[in-house]
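Going by TrEMBL, these are the annotated features:
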- 3-73: domain 'Integrin alpha second immunoglobulin-like' (DOMAIN)
- 80-167: domain 'Integrin alpha third immunoglobulin-like' (DOMAIN)
Amino acid sequence: GQEKLSCNPRKENGSHVVLCELGNPMKAGARITVDMELSVSGLEDMGDAITFQLQLRSKNSPSPANASVTVPVEAQAAMELRGNSLPATTVLPASWHRVEGSRRLEDHGIKVEHVYQLHNKGPSTVSGVTLRLAVPSQLGGRILLYLLELGTEGGMNCTNPPDLNAEQV
């Protein structure tokens, strides 16, 4: 029949050990199957597998039986990119023209701020994420969006595009 085991975690010689009592007495030649579910945290830097050392000890046998089990580690995280523009809609007057050589912002168009947020929906943590945004700055050889500045929050690093504020506005 199926029984739940009583298992207790503890530390032995710097290792984390889970001790499970299977019961006593057992009949000679008895065969048992044990399914264990372990929850282990902090595996982000463990590589692609983790190995568990198993040891079966019996009070009737002087030497324990040893085995090892290697389990693949697979991190999973769902990333979500959200974005919006402020203002959401911009319409330039039909007669409007950009003033060449001007350093005033209003002579280059209406300011539009694009905000992007990258969210980790888990369950694992992430690091080393690269997000590449392609912003159409020209359309038909004419300036569509003049990229003025790029900012970040939350410990991220950005590489400025080569055409960022090219006219030093």
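Every residue, even glycine, has its Cβ placed from backbone N, Cα and C.
Residues of the domain 'Integrin alpha third immunoglobulin-like' (80-167) grouped by DSSP class, helix first, strand second and coil last, total 3 helix, 22 strand, 63 coil. Note on the domain 'Integrin alpha second immunoglobulin-like' (3-73): DSSP counts are 0 helix, 30 strand, 41 coil.
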